[in-house]
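Below you'll find the structure, written out as structure tokens, and then a few comments.
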Ligand SMILES: Nc1nc2c(ncn2[C@@H]2O[C@H](COP(=O)(O)OP(=O)(O)OP(=O)(O)O)[C@@H](O)[C@H]2O)c(=O)[nH]1
Ligand SMILES: [Mg+2]
């Protein structure tokens with residue numbers, strides 16, 4: 001097929017000729033005969049069960065050891081583990097005597113010989129991690145008897161039986177199973193112990209549930225993830241797709257981090273767990289396995305397609321090679337349910353994509369129809385000339401990342417290298433494929449969002465700021481310093497006028513009293529500047545008033561550095577600086593920079609990390625900034641064993657409120673964030689400003705307003721929120737002198753303080769600042785509950801202190817973890833609502 005034809009026909013997401021829409025039909029998963037387990041049961045090759053092709057050969061996994069064949073056809077196949085000792089070579093393993101007789105084998109077990117016709121030796125190098133990971137102790141603690149062993153598989157709803165002919169088939173539920181109905185509901189499917197409240201791992205295929213003592217026996221080395229041994233090779237239950245690759249805490253406890261990682265990798269990417277081709281529709285056509293085997297490339301393990309492209313009715317998810325010959329037929333115009341009137345490659349795009357095009361500088365007035373090519377160039381439908389490159393503009397990659405829109409791979413070109421590359425890849429890089437946990441950081445102006453954002457970069461990134469970023473921050477600091485200086489100069493003028501006015505008043509009092517006047521000059525005060533500095537001051541104030549400061553500085557820094565030095569050392573400026581607390585417009589951080597104004601205004605100035613942290617504002621495209629990170633593992637993490645969690649990737653996206661547009665309309669760009677972090681400066685309660693109409697507003701009330709609009713925004717319906725109450729240090733500084741009730745919303749704050757508390761003795765109950773903090777938190781919590789009916793999480797912070805921000809962000813991580821586990825808890829409570837179990841009490 002010619003390229004132009006492709007452009008017209010194989011439509012979809014952005015570039016029509018290389019994107020496809022995938023429709024997913026949730027299938028009833030038929031029970032299939034597990035093809036990974038050979039039918040000749042007497043000679044199960046160990047490797048076929050324990051080490052699938054997709055896993056590395058020296059994998060440290062528990063090894064499955066088959067027991068002797070069941071004598072009766074309907075007797076369940078029981079398999080159990082042995083643990084390989086370090087560097088042992090396992091050959092021709094036999095049943096473990098102790099297992100069948102109900103004895104607990106010593107761990108680690110020696111390799112056994114005889115009984116099984118192994119397909120060859122399987123070597124396990126250095127298995128210490130395994131032995132120390134809890135497997136052996138699990139053996140010791142396991143309480144399994146012959147009876148348990150026999151019942152285990154029969155209790156499971158779906159049992160594989162092996163018939164004399166050697167073929168396996170799904171068994172009817174055994175009569176023994178019926179007779180076991182009296183066994184406690186929700187107990188372990190193998191040992192029948194525990195209740196629905198005890199922790200269990202369930203099989204992705206048949207949903208049999210196992211307690212921690214049985215799970216490794218029932219599931220073996222998990223070559224396809226969490227499946228009973230007899231379910232290996234079977235398709236997973238569809239409702240469980242979301243669980244793929246997300247380890248449970250139980251597994252993390254029982255196995256080493258490496259083992260869990262490998263099992264989760266296998267679970268997510270092994271063939272048996274992928275969607276079947278017939279369940280996937282590309283551009284309205286069902287895929288088939290015939291022909292070129294492209295389905296394997298599409299590898300669609302989860303409902304949210306990872307390597308895939310676009311789920312029908314959603315914005316684009318990924319861009320694939322134009323050479324990938326899947327999905328014939330053209331894309332429906334409504335494939336994304338877009339309503340913008342703008343059509344790209346035959347598809348009406350979504351509002352998020354429209355915003356992206358705007359930022360990319362694409363002219364979208366009049367709702368044009370475009371064709372976008374593989375290299376990102378685009379042209380209007382019916383016209384030949386290329387109008388531009390969508391992803392060419394600097395910062396577009398970043399913007400697409402915020403909007404969760406794909407960007408074309410560099411490798412995509414007409415020679416089809418990309419397709420070849422994809423085919424070469426056996427198992428995609430687990431870490432690359434892992435979904436990002438997106439955290440959106442917003443807050444009212446000055447609440448500390450950019451400080452927290454920068455702090456996160458310092459905390460979790462090895463190279464927090466690139467050379468370019470440092471250069472931009474340097475420019476920002478140098479510009480800011482002139483702004484602070486300007487505020488200081490304005491203050492100087494005011495103080496000078498006040499001083500002169502006082503003098504005039506004094507003079508008139510003296511003259512009316514007939515007292516001799518002092519010999520002071522009429523218009524010189526301690527705030528007066530000499531003519532040279534005065535003319536510089538006038539010029540700077542004029543530039544500031546015209547709003548051209550950014551245009552002039554810091555390019556002019558080199559020229560003005562000597563004047564700045566003279567100005568700073570001048571007595572008038574020093575006298576003004578001593579009264580800097582009276583200058584409302586001067587930010588508290590200005591003092592930090594003004595003290596070093598001479599150094600900073602030099603051309604060769606290099607900002608230190610602290611300078612970067614304290615710098616007001618952050619340079620980023622369109623007020624958006626994002627950073628990816630992994631929480632480093634530390635001994636004092638809440639769950640020390642939770643190594644897997646600590647390695648999840650997070651993306652912190654900071655957006656400036658001025659970029660959210662009227663009524664926060666751009667918030668819908670952030671539909672796939674997992675958590676919104678709303679930042680409020682706890683010290684804002686007594687801060688006021690004048691709006692454009694000259695109305696005086698309280699910053700805390702404005703923060704509350706913004707909070708209400710974000711919380712009630714439809715994009716964040718059901719979204720979890722974390723409120724960071726920042727600037728606790730400033731709250732502490734002012735609460736004793738400025739009452740919280742200055743803010744109308746807090747007029748009912750009436751703390752009861754003991755004498756000790758009043759004297760701020762921290763050893764005796766909460767301080768006034770803590771009470772004020774608590775009161776503010778409760779106000780926001782109640783507001784949130786009244787708007788959403790849900791619970792607001794709150795964390796205190798001091799943005800300038802690393803560990804404080806670290807604690808707040810780790811709290812965010814805990815909320816997400818808790819959210820993931822919540823469905824299980826809900827399942828328990830739903831089940832328990834119908835429970836006849838007398839042991840259950842709500
Ligand atoms: N004392 C103190 N100052 C803080 C704290 N957090 C931030 N600041 C300072 O407060 C000022 C405003 O903080 P930013 O992080 O720029 O606030 P923002 O939310 O980005 O505000 P805008 O950029 O104005 O939208 C900066 O000078 C920070 O250094 C804090 O916890 N304590
Ligand atoms: Mg800022």
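Going from the start of the chain as shown, residues are counted 1 onward.
Cβ from N, Cα, C; glycine included.
TrEMBL lists 450, 621 with the feature Mg(2+) binding site. Residue 450 (Mg(2+) binding site) falls within a helical segment according to DSSP.
Here residue 728 (GTP binding site) comes close to 682, 769, 773, 796, 797, 798, 804: these same-chain residues lie at least six apart in sequence, with C-beta atoms under 8 angstroms from its C-beta. Residues or ranges marked as GTP binding site by TrEMBL: 726, 727, 728, 729.
Taken from TrEMBL, the feature region 'Disordered' covers 123-146.
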Cβ neighbour count (within 10 Å, all chains shown) around residue 726 (GTP binding site): 30
Three-state secondary structure of residue 727 (GTP binding site) from DSSP? coil
Chain-mates of 726, 727, 728, 729 with C-beta within 8 Å of site centroid, GTP: 448, 681, 682, 683, 725, 730, 731, 796, 797, 798, 799
List the Cα distance (Å, whole number) between residue 727 (GTP binding site) and residue 450 (Mg(2+) binding site). 13
Cβ under 6 Å from an atom of ligand 2: which of these binding-site residues qualify? The list is 450, 726, 727, 728, 729. 450
Please report the number of other Cβ atoms within 10 Å of the Cβ of residue 450 (Mg(2+) binding site). 24
At the level of the C-alpha atoms, what whole-angstrom distance separates residue 729 (GTP binding site) and residue 450 (Mg(2+) binding site)? 17
Neighbour count check, CB within 10 A, over binding-site residues 727, 729; minimum at 729
Compute the C-alpha separation of residue 726 (GTP binding site) from residue 450 (Mg(2+) binding site), stating it in Å without decimals. 12
